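The next block holds one structure in the form of structure tokens; read it before the comments.
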Amino acid sequence: TTTVTTNQPESLQERYEALERENAELKKQVKLLLEELRLARHRQFGKSSERTKEDQVRLDLVFNEAEAEAQPEAEEPTVETVTYQRRKKQPGQREAMLADLPVERIEYRLSEQERICSCCNAVMDEVGAEVRRELKHIPAQTVLVEHVQYKYACRPCDKHGTETPMVKAQMPRPPIPGSLASASMLAHVIDKKYVDGLPLYRQEQQFARKDLALSRQTLANWVVIGATRWLSLVYDRLHEEMLSRKYLHADETTLQVLHEPGRAAESESYMWLYRSGRDGPPIVLFDYQETRSREHPRRFLGGFKGYLHVDGYSGYHDIEGVTLVGCWAHARRKFDEALTALPTAERKKPTAARIGLEYCNRLFKIERGLKDETPEERRA
């Protein structure tokens, strides 16, 4: 006897249900891919208030923003352009600007002979004056300061053969021993580079026009030594003050450092940024580290007891004495991205993304109105 076993085909109902499940899964995948495509196109081509400018994510601009913003090739606006771009002046704006400036007064009077009236030959009296004001620029001067330290010896002791030490008058120590740099010169070079956006090679050219041969390498050394030897003291004091505050903000971003000893040029490093809140004068400190390890904020914030405003990076979690505060701007960005990913026809519907975005917008409007208020005034 021969037994033949055959697999019975599944019923039409089972095949239909399997196809339904497969179709639903495919539709879900297509919807997800379309949302990702719309969001990607929006990020690349669309305008968005969430999108940061290119210069805000370039790390060289974090520390050389003024230089990068400078555009020597940009044309000055013409008279016609100024006409259309003119802003309405605020009452007293010019007077407020000039109030604290020293005044140099130049008076123009007629001589006795010139004051004779051409009609009756009588002497004319002063009856008033017209005042024209202008701003006068006095170029900076570079002065050579010679510190002369006098030495003193006891002549009677010398005559009697008694050895007594010479005494020198006290003299301030130089900021950089063996260098021509004074404190004011260091401040000038650093201010010009980081505030006015004037690179060291241009400062080198400026000094050369004054017949001062100060190379950019020398200026760079002044900047580095001035920062490490003197500004580091200010940094440490600001760090100490920052840790005593109640509210802080923190963030980190990638950084590529060239010619760093022991590391390849393409190595990725991190710059950690810490900023104080509105409970005192603002303090902003940068902390360079080679990694994104959670140990860096733990070390930097050691001793801080308060609220830390950060994004969702887990590296800030579990810092002793710190209460994390989430960032509503980051939360709003996710609602905005979710709304952008929807088809155009659905974006105005009361979806969760729309409700969340409008909630954030209302919250931000309230925050802007209370920006300058104290916590007590905000709660009132």
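Backbone N, Cα and C atoms are what each Cβ position is placed from, and that goes for glycine too.
Keep in mind that what you see is a predicted model, and the values were worked out from it rather than measured.
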* Asked: Given 9-43, 79-113, 149-183, which one carries TrEMBL's coiled coil label?
  -> 9-43
* Residues of the same chain, at least six outside the domain 'Transposase IS66 zinc-finger binding' (114-158), with any C-beta under 8 angstroms of its C-beta? -> 98, 104, 164, 166-169, 171-172, 182, 185, 188, 207, 210, 212
